[in-house]
Amino acid sequence: MPLFSQSVGYGMVIGVGAAFAVLMGGVSWVLSKFMLEVQDSEMMMTAKRSIKTGLVASAVVSSWTIGSTLLLSSTSAYSWGVSGPWWYGGGACVQIILFATAAIELKRIAPNAHTFQELVRVRYGKTTHLLMCTYSFIQQITYSANLLINGSSVFSTLTGMNRDAAIVLFPIGVICYTLIGGIKATILTDWTHTLIIYVLMLMFLFTTYATSDIIGSPGRMWDLLQEAGRLNPIAGNYEGSFTTMSSRQGGLFGLVLFGAGWAASVDSQLFQKAIASNPASALGGYVLGGICWFTIPFCLATTLGLACAAMEHLPVFPTYPNRMSAAEVGAGLVMPYAAITLLGKTGGGAVLTMIFMAVTAAFSSETVAVSALYTYDIYQAYINPSANGKTLVRVGHASVVGFGVITIALAIGLAHAGFDVGFITTVSGVVVDVCIVPMAGTLFWKKQSKWAFIFGTTLSTCAALAIWIGYTHVQSGVVNLTTLGTNEALAAGNISAIGIPLLLVPIITFLKPDNFDFATFKQIQKVDDSSYDETHGLSHAEAEKAELALTTHLSDGQLWRSRNIAAAVSLVFVLFYLVLFPLPLYGTNYVFSREFFTGWIVVAFLWAWFAAIVIICLPLVEGRKALSSLFSKLIAYVNQRGSISQDEMRRTAEGAAEYSIGKDDQGSLKNNDAVEVIRQVSEP
């Protein structure tokens, strides 16, 4: 029996989606009228490379937070105890922090790039470029379909909503506000969604460990977990305990996620947000994003996943006196059941809200990334190289709609074929992880040749698939969806997909090396959007371009240092998350005492508060001047004569220039050319 009526499900999917579309339409209009932002092709796809640290961090968190982040992490805690949340968070967040190094290098060597694939085309030519686009699209389409399957499954279970209808309706609102606001709307929506997710996460933390009559304290949770371990010991855990890091399946699960997590780098949406960032913001944005994202699977699973295991033998649990069935666990119902037991319909509603936010935010990111991929890497590269900004905007809009239709069809097909969320999430890495090493070589190694890229990826894909299927057959004696999805088989496939190119790519490169000049990437130019801008009566767009070009130029010297810092920080976090902290606890077979477990929960609280404050407050702090300027212009617009005079528009432009460029010691704007452009476009 569903907890909510179907009207709740349809109301949330349709109503909230429509509300976000209207909201983003209003935001885009306000930014265009008062803050000199033009929704031309550059703004739609790259936000004119202006996004600051806080919004980059929230965008990274949002991109990495899909429904399976919430559901699968909680399932891991229910299945393997305290090790599951740690390995989920650690195994999947180190890629974000490591990606900071690649993001900064991309900003340094190709400041005007629109997609990563554009670099592949410039460096290696058409064949390699189309191969890279194919791998990217495979990841994007399967990832997006997985989002819809994930969200529709939860909504169908909790509201009785038709699953196919949910798959169709989820993308509609996303497509609307993406068409209206492009990647800027996506990133602003990311911040809104992550704000809601963090608030609800803190609510569950406080309810579970402070106010609940069922649990209410870390000590009580520890007692209940000891009882659960005695009643239903975990196979492969030391003493069958829920409170030990010594878990064979938990460790294998972390290895699977470490491998599968790299697949998101092949998906161009992470690079798309790196491209959209202000050059000086990439390092802080990605490092903070990785640190803050860790709290979502770790804290939520340590709360609701463990709570589900702890309460399962109590009369208040929905399935009592029976345990959850394998089908219920596989459907991701650990988190909803725990939330409902603790908070009733409020808890169930909070889970629905979190899932909706996670699905729509991530789907929006994918939509923009695919739109940019088709617009710049297919249409402009091979169909119409002379296309102007106005044409590219139309093509981008068409690709947004087309991608939505294709994804809906694929998601419905996969759902009816019986593919579940966990399987799709973890198996994608077996196919696309082979691109990681050649992609890194594209950015960092001038000797890597196109042959190393082509054969290093295709041969490695064949080998990884063979190892995955072969290991499954040896382990289980039969190959089907169930046996292919074991942690051992997935670990073999994912790690092979990363490891084999580490051997093949250098060998092929040394046999036939290249000697690429990275300065060639500087020849990539921005799109000429002047015709689109003039059509929309926004001639002051040239002033904005001058300011942003200056920002990129001034930041170039800092990017060398930022890249090296990112590499050092990445190494530290990889060692901490995957080696220095978990392995001693694993190797010593330590079972948490009540005091240690209490400290574990205190750290989770502190980490959750830190992440919430950073993600919620940092964008507001960084944008305080722009927000102040915006509100003052809105008030003037409303209170005066319903329009802003040329003099006011000139002051708005100068304020934007001051904010982007800064002043010298005498209080004058540093860039006289930008000031002159602003003066000219502001004259009647």
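Here the Cβ of each residue, glycine as well, is placed from N, Cα and C on the backbone.
Here's what TrEMBL has on this protein:
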type     : residues : note
TRANSMEM : 12-32    : transmembrane segment
TRANSMEM : 53-74    : transmembrane segment
TRANSMEM : 86-106   : transmembrane segment
TRANSMEM : 165-183  : transmembrane segment
TRANSMEM : 195-215  : transmembrane segment
TRANSMEM : 251-271  : transmembrane segment
TRANSMEM : 351-374  : transmembrane segment
TRANSMEM : 395-415  : transmembrane segment
TRANSMEM : 421-444  : transmembrane segment
TRANSMEM : 491-511  : transmembrane segment
TRANSMEM : 565-585  : transmembrane segment
TRANSMEM : 597-621  : transmembrane segment
Recorded stretch, among 165-183, 195-215, 491-511, 597-621, maximising Cβ pairs under 8 Å relative to the transmembrane segment (251-271): 491-511
Whether the transmembrane segment (53-74) meets the transmembrane segment (86-106): three or more C-beta pairs under 8 angstroms: yes
For the transmembrane segment (12-32): best-contacting stretch of 86-106, 165-183, 421-444, 491-511, 565-585, by Cβ pairs under 8 Å: 165-183
Stretch contact, the transmembrane segment (195-215) with the transmembrane segment (597-621), Cβ-Cβ under 8 Å, 3+ pairs: yes
Feature contact check the transmembrane segment (565-585) with the transmembrane segment (86-106), CB under 8 Å, 3 or more pairs: yes
Spatial neighbours of the transmembrane segment (597-621) far in sequence, C-beta under 8 Å, 6+ residues away: 52-55, 57-58, 61, 82, 191, 194-195, 198-199, 201-202, 205, 209, 218-219, 221-222, 243, 288, 291-296, 298-299, 302-303, 627
Non-local residues, at least 6 beyond the ends, that sit with Cβ under 8 Å of the transmembrane segment (351-374): 4, 8-9, 12-13, 16-17, 20, 44-46, 59, 62-63, 65-67, 69-71, 114-115, 117, 133, 136-137, 140, 143-144, 147-148, 150-151, 154-155, 158-159, 170-171, 173-175, 177-178, 182-183, 185-186, 189-190, 193-194, 196-197, 200-201, 267-269, 272-273, 335-336, 339, 395-397, 399-400, 403-404, 407
